[in-house]
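A.B. asks: Sharing a structure with you now.
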Amino acid sequence: MASTSSSQPEKNRSHVPLCRLGTEPVSRTGAAEEPSGQRECYYYAPATSPHHHHHHHHQHHHHHRLKQHHRHHHHHHRLQHHHHHHQQQHNHQNQQMQHHWPSRLGPIGPWLGAMTAYRLLTISLLIGILCPHHVQGADPKFDPTTRMRLVLVPADAQVNSVIYRLRATDEEFDYPLTFEFVGDASASTVKVESLPCTKYNSVCQANIVLQRRLEPGRYYDFQVSVKDTKGGMTTQLCSITATNFTTPHDLIFPHKPGIIMIPEDAKRGTELDYVIARKNPLFQKPVYLELWGSPLFAIRQKIVSSETTEGTVFLLGPLDFEKQAMYHLTILANDAYAEPGQDSRNIAGMEIVVIVQDVQDQPPVFTSAPPVTKLPPGILPGDKILQVHAEDGDKGNPREVRYGLVSENNPFTSFFDINETSGEIFLMRPLEDIAFITHVGDPVLLTVIAEEVKVGRDEPPALASTVQLAFFLPDRTNSPPYFENDHYVSRVDENAPQGTALTFVDPYVPRVYDDDTGKNGVFSLTLLNNNGTFEISPNVAERSAGFLIRVRDNSMLDYEQQQSVQFQILAQELGPATNLSALVNVTVYINDVNDNAPVFEQPAYSVELPENMTAGTKVVQVLATDPDSGLGGKVRYTAILGYLNTSLNLDAETGLITVSTNKHGFDREVMPEYHLYVEARDMDGEGNRAQVPLIIKLIDVNDETPIFDKDLYEFILTHDLMGFTTTAVIHAEDKDATAPNNEVRYEIINGNYDNQFVLDKVTGELTVREKIHLRSKKNAKTRRRRQAGSDDEDTDIFILTARAYDLGVPVRFSTTTIRVYPPESRKRSVKFVVPGHNPDKAKTEETLSALSGGKVYIHNIRPLSPDEPGAKDIPAGNPGIKERSVVTATVIYDSSSVVDISEIQQRLSHHNNSYAIMPQDTSSTDTQYKAENKVLFWLLILLATLVALTILILLLCCICSWCPLYGAATKRIVNISRTEDDVHLVHREMANGKQTKSVQVAEWMGRRDAWSAEKPPDTRTKPTRWEFHDGREQLDEDVGRGQDIGEGDRRHIQSAEEQQRRVRIKHNRTAKDDLHLNFHNSRTNLINDRDVYMEDVIENRDLAGDREHITRTRVNRQEYARRKQYDSEVRHIDDDSMRRHEIDRGSDIDFNTAHNSLKSKRELFIKDGNVEILQLMTRDKTRDGLNLDDDNIYVNVPLKPAGNLSHPQLLMVDNTGKEILMRRFIEEQPDGKQIIREHYQIVPGATYIQSMPNEVQQGSTLKGDTFPLGKSGPNSIVYSQLEPEVKVIHTQPVQAGEGVSLDQQMQPAVSNQSLTHELEHSLKQQNALLRQILMEKEKLENAYTQHEVALETQSLPGQSMAIGTQTDCDAGTQTEGFDGVLDPEISLAKPSRRRARSENDESMSEDGYEYVRFNPPNSPEGVYWIKRRRTKKRPRQPRKRIVMVEEVKRKIRTPIKEEEEVQERKKRVPPKKPLRETKTSILRKQLSDESRKDQSRNGESQTGNRHRSESDSHNRDMFMEITDSMDELASPGSHSIRKIQVEKYYKHSDGDFDEDDTEYSIDSDGDEIVIRTNYPSRAQENERYRRQERTYAEPENPVDRKRPARKSSPTDSQPEAMPRLSRRDSSKRGSRKQTSSEPPHNRVSISKYESTVTENGRKLMSTSTEIVGSKRSLTDRSYQSETELAGLEHEERNVPKYMEWYYNKKKSSVSGRTSTESSKSQPSSKKKVGAAEKRVSKTRITAQPKDVEEYDETGGRYKPEPAPRKSPPKGSRLLKEDRALNKQHKPKIETDTNHPLLQHSEHRFERENALEVPAAPTKLPHYMYPETPPHAAAGGKESKSGRESKTSKEAKPKPSPIRENEVKVSNSKIYVEHRGTGHPTQKQLNASTLEDDHDSGIAMNSLLNSLGRRNPIAEKKSVFSIAYDDVSRVKKINSGGESPQYS
C-alpha cells in the first residue's frame, strides 16, 4: 500500500483528479489507502506537486468514475505519464471533475506538490492517513508531518503551554480553516487554538494547548477536525501520553533573555534581546521561531549553525509608559529540540517580559482645580478663595510643580494672588472694584499655570499646564426698574387705525431699565387704566428695553368725545422673591380729524305744494351741522339730486330751496309726489357729504278737461224704434288726480228737439224716452237710396250734441256729437274681388260667408277689369293676383251675425295664399296645398312602409334560420350572450328546445343569474349571474324570454332587480329559451330575445341612464315595451331567482365580501359586479385554476343545439375537474357547497362550468373546446361551444354595465328558492345539454374534425383559455373582468364569481391561446394559453375558440392576446375541423377583412353576415337580429352610417366597444343587440348601431382588424366580446364606465346600437345578430363568431358574404359553436375537455362575451390576461371587485387598470402582456392553442400590436375603464395576431373581447362599479353558463354589462 500510495500520489499529482469527494468520509482509523479509496476526490495536483497523497486515494475511488477512468492509468502509468493520460481522460470523461480541476490545480496544486506531496512521498503512511480525511470536491487535509498519532509530552509540561502545532491545507484554498475537537472527551485536558489564517495563506495552523497537568504514563485520545469555509471537514485521531521526563529548557533554548528593559521613547527597530533555539535532531528542518503576545514586537531569525537558530526580538511600534508599562511575550520554536523517546512535541515555548521605562515627556496634570467658584458675599481682600493642585504627568520619575497666574489679556489677574508652592489663591482687592469693571452676572476668569521644576542640566525641558477658573461675584442688592422719563406725552389722530404706534419726541425716550442681574433683572410691562385702547411691547424685558405703544382699539380715540387719554405704564420685576415695580403716566392728546359728515336736522324734508306753483316759491329750508372743528365743521349745501332737480334752486350757505321756473314740470297727474335728495358737504363743500330726502307732495289743481273717447258716437235704432241695437253710452275722462276735479257729468246741449232721448248725467247712457217716429217714410228712403246709390238717411238721422264737464273749480268741459240712425237693412249687395280666374262658386260662397258674417248668395262672377274701383288697390307684390274676379253677391244678415276671425285665417291658410281670403280662385290654392300635403303624405306612407318592412325583415330574420339575425337560434343565443342571465336561462329552458345543451345553458345561465355573483358557493347561481339585469343581464330572461324580448330587453336589465327579474323571466321562459337555444339558443329566438332585449334596453337605458344609444333606435320603443314586459318578468326573476341565488351565494351580501373571501381563497374568485367569478387557474397554471380547468366538468352544453355542431364541441372538460373546481370553489366560498348545489341545480342541462369558481377556472383551462363565455360576465362562464352561450356572459356584462341597478337586481335574484330551483333546473338542463353537447361534439368531431378543432379553438379558447387564464393561463385571460365569468361557465356548478376574468382567461388559454401570453399577465398559463390560441391550425375556427378567449380577454388582456392565439389555433385547428368550420373561419376571415374595409360603411351588415355565418341556429337568431338591424339599417346610407358609427364607437371605446360590440353583435351582441335594439327606441338603437358601426368601422382599423384577424381563428370568440363592447360601448363608448361599469347601459347602447341597426336596416341586427351568431359561431368556429363578430361588424357591408360564411359556418357547425367545432377540431384537447368542451362551448358562448373580449384581450390584449387567470383570486376579486368597482367607479374599472383583474398587476400585465406570455399550454384549449401558439410570438406581437393600436387608443384611455384600454390593448394585440391570422374580425373581437372580457371581469366590474351596480354578469354566474349557448347574447350582455365583463 505504501508503494501503491506513493505511486498513486504521483499519478494523482499528474492527473490531478478533482477528488469529487467520494462516497463517504474515510474514517480516521481506516487505513490510509482504504480511506483514500473510499473518498472520491478530484485533486488538483500539478505533476510537480508530490504531496498529493490524496490523489491516489481519489484514483482509487474517484466516485467510481474517476476510479474507473483512472484506475488503469493508476496501475499502468507512472505518475507523470499517468497524470497526462489521466487528465485527458478526465477531460473527456469527467468534465465535471475537470471543471473543478483548473481552479484547484492552479493554486493548490503547487502547494500540495511542494509540501504535502513531498511529505507523502517520504511518509506514505502519513499520506494514507492524510488522505482519509474525506474531501468533498476538496476537503482540507492535515499536514502529514503534524499527525498527532502519538505525542510524547514530559509530565512537567506547563499548564496553558503549547504542546503541539497542527497544520492543514485545502486544495481549493477555502481558508480560513477552523480546527476543533470532535467530541468533548479531550476538552478538559487540551484545547485547540486556531491561529489567524486568511484566504491568502497556504497553510492554516492550530496550537494544541495543555489545559491541565498530565499524569505520567496515561494516554489521552481525542479527535481533531479541520473545516474549510465550504463545510468540507477532515478529522484525525490524536493521542498524547505523558513521560517521566523533565523538559530540558536549557537544551532547547541555549540562550534565553530574562527581563528586558526599554525606555518608552525607544525608536522603531530597536533590538531588545536575542534567543537561541536548538532544532530537533529527528528532523532536517531548522527551528522556526514565532513571537506572540504583542504587535509592537517582532522576531528576526537566522540559522547560526546546523543545530541552532538565533532569533532577535526588536521593536515594531511606539511604546508609551502611561499606556502599558509591561509586556508578556511568548516565543514558540517550531520543531525545537525534543528528547527522543521522551518528548515528541513539535513545538517548544518560552516567555519573556518587556518592561517599559518612563521618560520625562508628560506635562503636569491638575488633580484639583474647581472650574467655577462663587465668591461669598462677605469676602475681603487677603482671604483665601480656593486651592489648586497639580502633579507631574510622568509617574515613573515625577518632578515638583510650581504655580502662577497668567496675566496676559486678563484684567483680573491683579485682583488675585496665588501661592507658588501650595496653589492657594487669595483675593487682593475689594469685590466692588471687580464688580465695577464687570457686568452683573458675568464670571471673573483667572488662568492658573503649573510648571515642572527642572533640577538637572541634562534633564528634558520643564513642561507646564494651565487651567482656567471662573469666579462669580456675589449677587448685588435688588433694585426696582425705572423709566427714562417720569412721564410721557404723545399725540395721535382720532380713529387712528389699529397698530398705529405712539411717537414720543424729545425729551421723551421710551426706555425702561433694571440694574439687577439674573432673574431680578427681568420685568414685565403692562398698561393700566387703558380700557384696551393701547397695547405695549415688549411685554417682558430684561435689564433695559425700549418699549413701543400701539393702538389696539380706536373706539375711544374720538376727539368729539374727549381730547386726551391718560393711562399708566407699570414695570414690575418678575423675580421669584421680588415684586419691585415702577409706574409712569402717559398722556395722549387726540388730534381732531374730519371724520364726521354733516348731519341734517330732520331725517327727511316733506312739503306740499300746488302743482301750478310759480318761480320763486319757497319749497323748504334745510339745515345741516358738523361736529368737527375748523373747516371740518363748515357745511355747504352743494346739490339737489333727483328728477326735475333743475326746477329747484338751492342756496349753498342757507339751505333755502325755491322753485326756479314756472315750467317746473311738477304735475300731479304724472305722479303724486316727487322724491329728491339734498346734499351737504363739510370742508366748505369739499369734504364729507351727507344727503337727506326731499319729498314734494303736489296738491291737485283742476287743470284737466274731460275728454270724450270718440268725437262722434253713432247708434242704430232697433226695428221697434224703442231702443238701440247696442247699448248707447258716451264716455269722457278727466285726467285730474283727485275728486272732484276728475268727476265727470254728461248733458245734452243740442239736437234733442222732441226730447226723445235721455242722457244719464253720471253714466252717459243714451236711452229713448218713447217710440221714435221717423221723419221720412221707408219707401222714399229706399227709393232714394237706390237711385242715388247713397243713403238719403239724413232725414232719418238724429244728431245730438252732448257735453261732459267736471266738478272742479273752475269747471272744465268738452262736447261731442251723437248720431242716431234708423233701423238697418238686413240685406246688402256687395262686390267681392277674389283672386283667381274662375273661383269655385260654392267654396267662394263659404269663404265670403265666413268673411262677412252673413249668408252670401253669389249672383255672378266676372273678371276684374283694370279700371274698376279696387283693381288698382290690389297689392303689387302678389304675382298670383294678376287674375282676379269680381263676385257680385247679396249678403243677408240675421239678427246677430258672428265673424270668426280664426276660421277666416284657417280658410285663408288652407289656400296658402293671401288671395285665398278672397273667394276668388280657391281651386288653385287648394291644388297647391293638396300637392304639398300629398308629398308629405307619401313620405309618411313610405316611412311607414319602411318601418313595416324593417319589422318584417327583422321578424323574417328571427324566423329564418339562414338569416344571421335568425332569432330562433342564433339571435336567441345572441340575446343570451348579451344578457348573460337571459342566455343562461335560455340555455336551461332550451333543454326542451333545439338542443338540450343550448336550452340548458340558457336555463342554467338564468339560474346563475338568479343566484348572482354574490352567491359564490352556488356555481350555477354564480355563473348564471342573473343579477346582470341590464340589457346584457337579460340573458336569463332573454334566453327564456329573451328570444321574445330580444337583446334589447336583455340589455335593458339594468338594475339588479331587472336582472333578477330577467333571471326569473328566463326561468319562466325556460321552455322557450330551451327551444331557442336548441334552435340556436339565443339566435334561434333572436327576434324574441331581441324583443326582450329591446325591452331591456329601454329599461336598461332608463336604469343606466346612458342607454340613450339604445333608445335612439326605432326599435327602442318596441324594445321599451318588451323591456317593460321583460323587466316585469325580470324583476320576478330578479326577486326570486336572482335574489335567491345571490342570497344563497351570499353574493347580494357578499358582493364585496365574496370578492374578499374569494381573494383570500387564493383569490380564486373575481367579484364581477355581484357575481363572484372564480378565477380558475389552468391546471398547469393556477393551483386552483388548473384544478378548476380540469374540474370544469360543466362544459357548456352546446349552446347551439343540434344546429350548431360547435355545441357538441362543448366538451365536458373534466367532470372531475369541474367538480373539483366546484368543490374547491365551494370550500373556498362560505356557501360553497350550497353554491355548487345551486349551481348544479340551476344549470343542470348546461355544464356546470361555473358551479365552482375553481372548477370554472379549471374548466376553462381544461376545455380547449369549452368556451368559457367570458363575455357573459364574471360568473356567467358558460363553456358553450355555441356562441349564443357567450351571449349569456354578455348578459352579465350588461348587468355589469348597469351594474348599480343590476347588482341590486342580482341580489334579489339570489332568492334561495329560485336559486335552488334554478340551480337544480340548470343542473338538469346542463346535464342534458352536456349530453347534447357531447353528442354534438361527437358529431362535430366526426363531421367537422377541423371545424371541431376550430370550435375548440374558438369555444374552448374562450373558455379554456379563459379558465386557464383564470386558474393559470386561462385565469390570466379571464382574470380581467370575467375570470369568474369564464370559470363559472366552465364549472357551472361553481359560482363563477371570478370566472369572468380568470375563467375567460383560462378558457381562452386552453382553447386558442398559447400559454405564452397568459404567463406574463398573471401566470405562466397565460403564456401557454396564448400560444395555443395562436396556433394557426384553425385561423377561423380557432376564432370560435376566440370567442371564449374573448371572454378571457375581457378578463385579462392576456386572454385577448390569447384570443389571437386562439385565432391562430383555430387556424391550425381548422384542418382538424371539418372543412365547413374552416370555411366558416375563412368566410369570417374574409368577412372580417372585408369588414375591415366595409365595416366603416357596413359594420352592421358585417355583423349580420357574421352572425349569419355563425351557425344555422345562430343564423336564425342572427337573421332575426339582422332583420332588426336591417330594419334599423333600412337604408344603406343609414346602415353605412351606423356601421361607421359603430366602428367609431368602438374606436372611441378604444376598441373596447368594438370588441364588446362586435362580440356582442356576433355572439351575444348580435342577439342581444338586436333584441336590445328592438327594445330601445329606434333612435337609440340607431345611435347604438351607429356606435356599433362606428365601433366596427373604426375598430376596423384598430379593433375590427384585430377582430377580423381574430375572426379567422379567435375572432369568433372575439366578436362576442366585441358585441359586448358594442353594447356597452355604443352606450358608453365615450364612457367606458358604462362599458365596464354599466354593462346594461352599454349593452343597451349596444342593444340600441344593434336595435338601431335593426331598425335602420336589418343590417344592424344582422350585425348584432351576426356578431351574436358570429360569437356563437365563434364558439362553433373556434371563436370565429367573435372574430367574425368583429368581422361582421367590419364586414357589415359584406353582410352577404359574411352571412354566407356565417350560414355555411352555421351549417358546418350548427350544433357546435365555434368552440364546439374547435373542440372537434382538436379532439385530443377536446377529448380531454370532452364534456368540458361542450361545456366550453357553452361557456364559450357564455364566456364569449367575456371570452371573446377576453380572448381578444388574450389574443390581442388579453393574452397577457391568462396570467391573471393564474391568480384566480383576482378573478374572484374581479367578480366581487368588479361589481363593487363597477358600482363604485365603473369608468375606471373599465380601464384596464381599473379592472379588478387589471388592478392586479397580473391582470394588467396579462391584459397588456398576457399575449406574449401565455401560461404553459398544458391546459390550453385545443381551439385556443392552435391559433394561440402563433400568439406566443405572433399572438404576443399581434396582440400587442392590436393591443398597442388599441392600447394606444384604449390603453391610453385606461382611465376610461378597462373597456377602452383593454379593448385597445387586446384589440391591438389581437388584431395583430388576427392580421397574422388573417382574421379581420380579430380587431373587432379584440375590442369587444377586451371589453367583453373586461365586462366579464374587470370591465364588467368597472362598469358595474362605475354605474354603482353589480356586475350583472359577475352577479349572475348562471348567466355565464347560459352565455355559452348564446354567445352572441353573451356578447350583447357585454354591451349592457360589457364594461364589467370585459373592461
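Backbone N, Cα and C define each Cβ position, glycine as well.
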A.B. asks: Which of these ranges is annotated region 'Disordered' in Swiss-Prot: 765-785, 1038-1058, 1143-1163?
C.D. replies: 1038-1058
A.B. asks: Looking at N419, N1068, N1204, which one is marked N-linked glycosylation site in Swiss-Prot?
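C.D. replies: So the answer, going by Swiss-Prot, is N419.
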A.B. asks: Write down the residue from N585, N1312 that Swiss-Prot flags as N-linked glycosylation site.
C.D. replies: N585
A.B. asks: Between N579 (N-linked glycosylation site) and N585 (N-linked glycosylation site), how far is it from one CA atom to the other, in Å?
C.D. replies: 19
A.B. asks: Tell me, by DSSP, whether N645 (N-linked glycosylation site) is helix, strand or coil?
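C.D. replies: The three-state answer is helix.
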A.B. asks: Just the number: how many Å between the Cα atoms of N531 (N-linked glycosylation site) and N419 (N-linked glycosylation site)?
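C.D. replies: Answer for this pair: 66 Å between alpha carbons.
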A.B. asks: Could you say whether, by DSSP, N585 (N-linked glycosylation site) belongs to a helix, a strand or a coil region?
C.D. replies: strand
A.B. asks: For N585 (N-linked glycosylation site) and N419 (N-linked glycosylation site), determine the Cα separation and express it in whole Å.
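C.D. replies: Roughly 58 Å, rounded to the nearest whole number.
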A.B. asks: For the C-alpha pair, I'd like the distance in angstrom between N419 (N-linked glycosylation site) and N244 (N-linked glycosylation site), rounded off.
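C.D. replies: Between the alpha carbons of N419 (N-linked glycosylation site) and N244 (N-linked glycosylation site) there are 71 Å.
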A.B. asks: Report, in whole Å, the straight Cα-to-Cα distance of N244 (N-linked glycosylation site) from N612 (N-linked glycosylation site).
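C.D. replies: Distance (Cα to Cα, whole Å): 163 Å.
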A.B. asks: What mean pLDDT does the predicted model reach across the domain 'Cadherin 1' (238-366)?
C.D. replies: 90
A.B. asks: List nothing but the one residue from N419, N579, N585, N612 whose Cβ has the fewest other Cβ atoms within 10 Å; the candidates are the glycosylation sites.
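C.D. replies: Result for the glycosylation sites N419, N579, N585, N612: minimum number of other Cβ atoms within 10 Å at N579.
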A.B. asks: Looking at Cβ-Cβ distances, which residues of the chain lie under 8 angstroms from N244 (N-linked glycosylation site) while being 6 or more apart from it?
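C.D. replies: The list for N244 (N-linked glycosylation site) reads P154, A155, P216, G217, given in order along the sequence.
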A.B. asks: Of N531, N645, which of the glycosylation sites has the most Cβ neighbours inside 10 Å?
C.D. replies: N645
